[in-house]
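Among the features that TrEMBL reports, active site, cysteine sulfenic acid (-SOH) intermediate is placed at 88. The disulfide bond annotation in TrEMBL covers 88-122. TrEMBL lists 46-194 with the feature domain 'Thioredoxin'.
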């Protein structure tokens with residue numbers, strides 16, 4: 001090999017090692033399906049009773065928003081692949097309706113949708129009680145919450161889940177929906193809010 005090839009090989013080798021390390025720090029889990037076919041995610045859903053991992057996502061005005069911005073409130077994280085699917089759209093509509101009756105609670109609709117697309121959906125549907133956030137700038141939310149799909153037709157998007165965080169930042173409810181095409185258990189999520 002010549003110097004150029006040796007250098008290129010060294011760079012590629014370091015990238016592979018670096019990326020493998022990043023993935024190894026997250027546990028692989030595969031207990032969900034999409035239309036009956038197994039899907040693998042990276043990481044684990046936060047554990048009930050533990051502090052919810054903070055995150056930085058993007059709102060409709062392209063501002064960075066953190067979970068810690070909502071400290072002192074109950075926070076419902078409605079996490080889904082994309083508002084362009086009927087099931088995801090239905091979940092946002094339902095949580096929008098439920099949120100109208102909840103005190104000291106904010107509902108966050110989290111997906112990889114671009115903020116502009118989520119904004120159009122919310123405007124067209126009259127969604128006023130759900131704050132849509134996007135992870136399009138950074139995959140760490142999906143990994144930290146165990147929801148980044150690593151294979152299948154929805155690879156790179158978030159699996160469907162609901163996480164409820166209390167005003168102190170502790171996880172009080174989690175649901176990883178086993179079949180991505182199904183809706184979450186709204187009643188259990190809402191009833192977990194004290």
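From the backbone N, Cα and C atoms, a Cβ is placed for every residue, glycine too.
Same-chain residues at least 6 positions away in sequence with a Cβ under 8 Å from that of the residue listed as 'active site, cysteine sulfenic acid (-SOH) intermediate' are, in sequence order, 80, 81, 82, 111, 160. Taking the Cβ of residue 122 (disulfide bond) as reference, residues of its chain lying under 8 Å away and at least six apart in sequence are, in sequence order, 60, 92, 128, 130, 132.
DSSP labels the residues of the domain 'Thioredoxin' (46-194) in these numbers: 40 helix, 41 strand, 68 coil.
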